[in-house]
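Listed in TrEMBL:
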type	residues	note
REGION	1-21	region 'Disordered'
TRANSMEM	61-80	transmembrane segment
TRANSMEM	92-110	transmembrane segment
TRANSMEM	116-135	transmembrane segment
TRANSMEM	156-174	transmembrane segment
TRANSMEM	180-199	transmembrane segment
TRANSMEM	204-221	transmembrane segment
TRANSMEM	241-262	transmembrane segment
TRANSMEM	383-405	transmembrane segment
TRANSMEM	411-430	transmembrane segment
TRANSMEM	442-461	transmembrane segment
TRANSMEM	481-500	transmembrane segment
């Protein structure tokens, strides 16, 4: 995993093992046998190697555009239900973007040190809807007052629930739990990190097929096929085709809007297809810096806090799976347990800040931005750190940020179809380090993967538009916790996979489970490369007690 200077040192291709034909098993003579490979050899820049500065800034801007979609979707979903207007939605987007920048810097400097963008999490959907419903029948002087009271209640719930992540992270409880993982657990967890988000893919794209489908097709053709047709433009198309496609399809959507193509369309079609339906540019302030308690004094209610605690646990599980995918796509070793635990603790600190500053939801590691590492073949940490400059800039200068936030959501959905698929496929690659011919492993993998998708789908499909899930008891707080946990694919996959892998003939299947390869990476000093990828900057490390590292 070595690098020299600023460029990744290409390693020789893996050795193909070709045993004598007389010793080959049935069918083996038809092709080579690929040996397990810890690093993806087609990566052009790894975690601490960097492209040129102009490319770094363009790639960083690309990361900003990709992470923006989730924030816009969440704000567009929740703010109108809270009673907020377009101006409130713009300010919520600015706040979440501002906090995403802070949390991304925290993680890339003090946390996992992996090139992961932190963005708004959908895991908080049910707790937030529960809070919204609690105020829907109450009388307020104005809808704006109802919005502010709802936001203040979310603030209080985020502040209290943040201590869940802070405790399980800095107490090393979460890290000790991850020591029960093996490649057999990681495969389904990382797979469903991508596959579990399928509702944000083609179902969202289908809301405006005439924009979303051309975006998907153009992205695949330009990024994968044209770079082979035009070798001189190979690097440009591989790294920046996404930006080119967004610009072309966005312009196409603007032409359709101005030509009156949607004048007689349904309201939902107008919302999805038109480029002038977000009203963000007209309502966003020119300059505004998010500040603590901007909506007022936080409101603390126990019934809502417990639901948020469930979401905090879910974000821990989701981020853990995303970190393993990011490590693979950045050319790093799997993150040690201590690094994972420390990062979850910092994620709790970030959630505490989000509650103080008034974000609508907490954050988690962005799956789409990890997929972008694989799409561009560039896993540079510096690129992600530079992307926070764009987040800060556009969160403060609202008019400019609102311009990019007005990109139609089906364009983002087309991008997600590619990026989520890449992350899911990365999960499959971990099976090479275990015995994929073991029926015991096949059973654990199959059940974990299937239930990781099937159980959340049951909970989501049986949840009402008001956020009331299938578990309905006299304790609403209990319902919110259970419904939130089992609506998350990575969380279910972690529960099922860890339980099966550590109880089903675990002692006698250590080699089949890939533990001989896996265990050295679980401790910081278990593999010499761990310190290379995950050590904190020297000046920061001097001031942190060793017991916290």
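Cβ atoms here come from the backbone N, Cα and C positions, even for glycine.
Note: TrEMBL annotation is automatic and uncurated.
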Could you tell me whether the transmembrane segment (442-461) and the transmembrane segment (383-405) have 3+ CB pairs under 8 A, leaving out pairs under 6 positions apart?
no
Stretch in 61-80, 92-110, 156-174, 180-199 most in contact with the transmembrane segment (411-430), if contact is a CB pair under 8 A
180-199
Stretch winning on C-beta pairs under 8 A with the transmembrane segment (180-199) (pool: 92-110, 116-135, 156-174, 442-461) is 442-461
Could you tell me what the rest of the chain brings near the transmembrane segment (442-461), counting residues at least six beyond its ends with Cβ under 8 Å?
184-185, 187-189, 191-192, 195-196, 199, 431, 436, 469-470, 483, 486-490, 492-493, 496-497, 500-501, 504
Take a look at 61-80, 92-110, 156-174, 241-262 and tell me which one has the most Cβ pairs under 8 Å to the transmembrane segment (204-221).
241-262
